[in-house]
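Visitor: Below are the features I grabbed from Swiss-Prot:
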- Asp151: active site (ACT_SITE)
- Glu76, Glu101, Asp128, Asp151: S-adenosyl-L-methionine binding site (BINDING)
- Lys155, Asp187, Thr222, Lys223, Phe224, Glu225: substrate binding site (BINDING)
- 157-162: region 'Interaction with RNA' (REGION)
Amino acid sequence: MSDTPLIQPANVGEGVYEEGREGYGHIKSYVRRAGRMSSAQENYYAEMMPKIGLVYASQPIDLAAFFGRNNPKVLEIGTGMGETTAKIADANRDIDYLGVEVHVPGVGALCKQIAERELTNLRICQHDAVEVVRDMLPEDSLDGVHVFFPDPWHKARHNKRRLIQSPFVALLASRLKPGGYFHCATDWEEYAHQMLEVLSGEPTLVNSSEGFAPRPDYRPLTKFENRGLRLGHGVWDVIFRKKQLA
């Protein structure tokens, strides 16, 4: 691994730079938003997280042992309020999904979805995604990575806080199995082009399309996406695969 931080440090006043394991740190790509869980979310959180929560630790985990089976594993970074994540897991119960989300109301909402849908193939880690990937996920352990609608940090001075940057993409690619896929989606066109450029620059990945990809059936439209499409707004999908071993 190079000495390049996983996400570039921000300027003074833009965030706190945190040292990581072995000195590889990163600037947080999110801001902890104020928000409270509803009473229902609190109840589901208290009931479900001891059962399906992955507690952060600075050591690699055995994903097959954690899920109790050796099925394909997909990491989803940023589950939001959980509806899309739960729909994907519900439609693909032969695939195990690990959702990583820092915002408590979103985690509570996803716990509710997991309980109501009786999902056994979806688990949650409430922690910073960069640290989870860096410290807990072994190399060649994932069959797929989802990064759907990450914060675009649209102001130029905040672009360095974007999640999709070359060092983090290289780290994620190292966790993918050969043939595994890396799927990003955004409704911010300038960020979409950055995603395409960054993933194209990762030597272990190859584009599955000749540019942007059509939305695959496994990614359902969100209510915000549907509204945006009705208003003529665009959404861009970027899907790469890890090169097979020679």
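Cβ atoms here come from the backbone N, Cα and C positions, even for glycine.
Keep in mind the model is a prediction, meaning the values are calculated, not measured.
Thinking about packing and proximity, how do these listed features fit into the structure?
Guide: For the recorded site, Asp151 (active site), the DSSP three-state label reads coil. Summarising the environment of Asp151 (active site), the number of other Cβ atoms within 10 Å of its Cβ, over all protein chains shown, is 16.
Long-range neighbours of Glu101 (S-adenosyl-L-methionine binding site) (same chain, six or more residues apart, CB within less than 8 Å of its CB): Gly78, Thr79, Gly80, Gly82, Val107, Leu110, Ile124, Cys125, Gln126. Secondary structure at Glu101 (S-adenosyl-L-methionine binding site), taken from DSSP and collapsed to helix, strand or coil, is coil.
Counting every protein chain shown, 9 other Cβ atoms lie within 10 Å of the Cβ of Lys223 (substrate binding site).
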Visitor: Tell me the Cβ neighbour count for Glu225 (substrate binding site), meaning other Cβ atoms within 10 Å of its Cβ, over all protein chains shown.
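Guide: Counting Cβ neighbours of Glu225 (substrate binding site) within 10 Å gives 19.
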Visitor: When DSSP is mapped onto helix/strand/coil, what comes out for Phe224 (substrate binding site)?
Guide: helix
Visitor: What mean pLDDT does the predicted model reach across the region 'Interaction with RNA' (157-162)?
Guide: 73
Visitor: Given Lys223 (substrate binding site) and Glu76 (S-adenosyl-L-methionine binding site), what distance in Å do their CA atoms have, once rounded to a whole number?
Guide: 19
